[in-house]
Amino acid sequence: MEKVLKASHFNKYFTEPDRFQVLKDVTFEVNKGEFLAIVGKSGCGKSTLLYLLSTMDTEYEGTLEINGQTLTGRSQDYLSKFRNEHLGFVFQFHFLLPEFTTLQNVMLPALKLGRYSEKEVEHRAYEKLKMIGMEDHARKLSSKLSGGQQQRVAIARALINDPTIVMGDEPTGNLDKTNTGIVFDIFREIAQENHQTIIAVTHDPDFAAGCDRVIEMSDGMIISSHENQI
Amino acid sequence: MNLSITTQIAKTHLLSKKRQTLVAMLGVTFGIAMFITMISFMQGVNQFLEDSALDASPHVRMYNEVNTQRPALIDQLNRSDSAFNVIYHQKPKEQLSRLKNGFLIARRIEQEPGVLGVSPQLSTQAFYNNGPIQISGTIAGVDIDRENRLYNLKSRLKSGTIEALRSNPNGLIMGNVLARKLNVREGDKVSVTTPTGGTMILRVVGTFGFGIGTVDNTKSYANLSTVQEILQKDASYVTDIHIKMFDPLLALPLGKKLRAMYGYYTEDWATANSAILAGEKIRNVMTFVVSMTLLVVAGFGIYNIMNMNVINKIKDIAILKATGFEGKDIVLIFLLQAVFIGVLGGLLGLLIGFILSYLLSITPFNAGDFLSIKTFPVIFDPKYYGMGLLFGLITTVLAGYFPSRKASKVDPVSILRG
């Protein structure tokens, strides 16, 4: 199995208000096309771990390798470009840009990447919206959508540049049962069919149960890692 | 750099908050409009005062200063530290204020490069009598054609002609305010008395107005030979040489040179009008201080609005950074908004500034006899419009840059974790 992400010996400290070790020697690897869930109680460090993996938080000890590239110690601009090209994000509180239409929200990261012309980007964005069943809302302002719809659009945005890894911080945390189901099915589909890797931090036991593998954390350490039999 | 995408985002931000954009823009508009109006008006006033002062005064005036102070003979002969001399009531020696060889000097100066014209003249104080009314003033004996070349007298005449003075040896062209005070007009006779006692009756053949109180109030022109006759002097007696240059700035070195060459006092226009020039400097400083204050206030307005904008958009900034936008893209997004506000507000300000200065320039303004203007003097110089736009842009870019830089430093993790 091909490894897309290697995290070795992560140590992370919070210095405010007191020095406190959030992550203790966390080491793990993720396979290509794997649907991984990180679970654990609040405060166990799972979100902190995710933001380290996302390259947005750069203050840590240890080394991070994604797609064979070492990302530890790189400049902010380099990491921005890397995120743009290789990583997609879905957050708990959807976070679309409210002044833009659904379609524009999805297009933005691709326009930034500049790999395709604007016409092609628009076409691809439509494809992604079709995949999540939101093509009818393409021209609506994103602030006019419901929470579940916004979360689906956020997934489409995360996928627009065909990233290697899609990361989710409680992607279903704010959604009802139906929408949770829809979001989960979309993740499942991209992992299986596009062989894109999903790493999701979740509280939801049902969500975790449907993943390929679950990493459980407690007090900043990985206490178990088991594969689900589906 | 993704200019098109950042432009698109900046545009969307501006359009989604039209009212806020408009308010920020109006701040700049007001600042620039007032800047344009003030500077056009102030420079207009400066120009007008300078022109009227320069028009009526020579670029260089050469004269012989009468100095009554002279050391006593005994002081020169018997100078010792142990004794001192006492002299009572020493009378000044008679001194003539004439320029020796005045006509020759004038001919020589005419050959200097850059000289427009030279007018040797005889100037003296005089009393003008019309019946019982007696008013003091000055009378200048001139070669009227030369004087016309220097001061463009023809265009200043309110009545009569220059030719009338040339053909009438006892003619007099009088300042219009002086003529009004004496209650004389073209054709009337006036008696002129000089301090030395000479009296002559002259006929007013014309009146002139420079628009400057001190000239129109006191001065008259007569033929040089006439004034020489009143003063009982010979035909080569002149007291002043007035010189006009093509370029007024060249007058300053020429004045120094002539002084060294002929040994007479020379006074250039800058010295003669130093009060006006100093006033001009003060007005310039004032204009710039007020204009800059207006622009800085407008700048702070933009700074506030952009700052609010950044705080409102902090989530959006975090999400843009998470999806791969770099710090400089974020700076550009917000800076573009500030520049847009600056350019559009600035252009609108130029237009309003132009309209205001135009309205000012057609507003009637009665300055009485002292200044010959009917409306406020306003200068329309593209230079000031360029300056206004440039200053407007600089303030908005500065006011926009600091909030933008703050935006680019937003830490996405702390925002996204909530």
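The backbone N, Cα and C atoms fix where each Cβ goes, glycine too.
Quick look at what TrEMBL lists:
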type	residues	note
TRANSMEM	B:21-42	transmembrane segment
DOMAIN	B:21-238	domain 'MacB-like periplasmic core'
TRANSMEM	B:285-305	transmembrane segment
DOMAIN	B:289-412	domain 'ABC3 transporter permease C-terminal'
TRANSMEM	B:330-360	transmembrane segment
TRANSMEM	B:384-402	transmembrane segment
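Long-range contacts of the transmembrane segment (B:21-42) within its own chain (CB-CB distance under 8 A, at least 6 residues past either end) are made by residues 14-15, 283-284, 286-287, 290-291, 294-295, 297-299, 301-302, 305-306, 337, 341-342, 344-346, 348-350, 352-354, 356-357, 360, 376-381, 384-385, 387-389, 391-392, 395-396. Per-residue confidence over the domain 'ABC3 transporter permease C-terminal' (B:289-412) averages out at a pLDDT of 84. As a summary of secondary structure, the domain 'ABC3 transporter permease C-terminal' (B:289-412) carries 96 helix, 2 strand, 26 coil according to DSSP.
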